[in-house]
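Engineer: Structure in structure tokens, see below.
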Ligand SMILES: [Zn+2]
């Protein structure tokens, strides 16, 4: 069986029909469709999902530098994504939602109080978002997630190994109805705009460091494009910044194994870059993780300029702060009132 050409694959992914299912496809295409290609398409409700089996990994945290155990467990419909700290007595569920974000300075941190917190969730959240996993309980044995290689590739691999199952209850995307914009320093902004289906994203960054400079990247999100174009793109840091962090006891686990380190024009990692524009691709990956905290798939176009975790979170807060900005996709004005009540 021949594999799909890129043109055939894009023709399916860009089809206007809602909820393209493998059983509706010509046999040659259906047989060669990558597993799970039948979800995340269209704009209507789809069955909720969770991982098919628990799966674990161990890796060092970027800031603490100690080994962190992480287990992703199946969860029931409407549970959502939630973390629990296995190292704390009487641990509470920490919902992976925008309104539980408590810090965005170095990474996206969710928490329910000053102790029950988990940092650096964004690369796992990006993989969960791209893989269409709506529900999971994530056990973590410390205050931050394993850094792994600084990208989403290993989380994406874990989710593929775990597999995905559909649950009996459907969930509709949150449809953005009008432009929502937040702005930060130096011209930075993040916007959500209405879109006919799915989540498409574009990002531009502009760094003084010659190794990074100005880069732009755009992508209509689906599992395959995420895996092929973004998942392996690593976080990055200026050499001076990581040295400053380490002087105050942070980034103890930071190394050339879990981040790109830039010094002026030079990339210090011996293996160089995975893509010439790996930096902006990683910023787009971060945005996919941060927008995964919406609590439902987004039907929207995201546009970011120098946008990071702080603006991405402010954007979701601005979206949900005004009921006129969004609706549950597929609902009418009448049912919208009922949902809002
Ligand atoms: Zn990141």
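Keep in mind that glycine also has a Cβ here, set from the backbone N, Cα and C atoms.
As annotated by TrEMBL, active site, proton donor applies to 309. If you look up TrEMBL, you'll see 123, 282, 286 marked as Zn(2+) binding site.
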Engineer: At the Cα level, what's the spacing in Å between residue 123 (Zn(2+) binding site) and residue 309 (active site, proton donor), rounded?
Structural biologist: 12
Engineer: Specify the count of other C-beta atoms within 10 Å of the C-beta of residue 286 (Zn(2+) binding site).
Structural biologist: 26
Engineer: What count of other C-beta atoms do you get within 10 angstroms of the C-beta of residue 282 (Zn(2+) binding site), across all chains shown?
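Structural biologist: Counting Cβ neighbours of residue 282 (Zn(2+) binding site) within 10 Å gives 28.
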Engineer: Distance check, please: Cα of residue 286 (Zn(2+) binding site) against Cα of residue 309 (active site, proton donor), rounded to an integer number of angstrom.
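Structural biologist: Pair distance, Cα basis, whole Å: 7 Å.
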Engineer: With a 10 Å radius around each C-beta, find which of these recorded positions (123, 309) has the fewest other C-beta atoms nearby.
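Structural biologist: Selected from the recorded positions 123, 309 on minimum Cβ neighbours within 10 Å: 309.
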Engineer: Enumerate the residues of the same chain, 123, 282, 286 excluded, that satisfy the criterion Cβ within 8 A of the mean position of the Cβ atoms of the recorded Zn(2+) site; list them in sequence order.
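Structural biologist: Result: 122, 126, 151, 152, 233, 234, 235, 283, 285, 289.
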Engineer: About how far apart, in whole Å, are the alpha carbons (Cα) of residue 282 (Zn(2+) binding site) and residue 309 (active site, proton donor)?
Structural biologist: 12
Engineer: Taking DSSP three-state, what's residue 309 (active site, proton donor) in: helix, strand or coil?
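Structural biologist: Assignment for residue 309 (active site, proton donor) reads helix.
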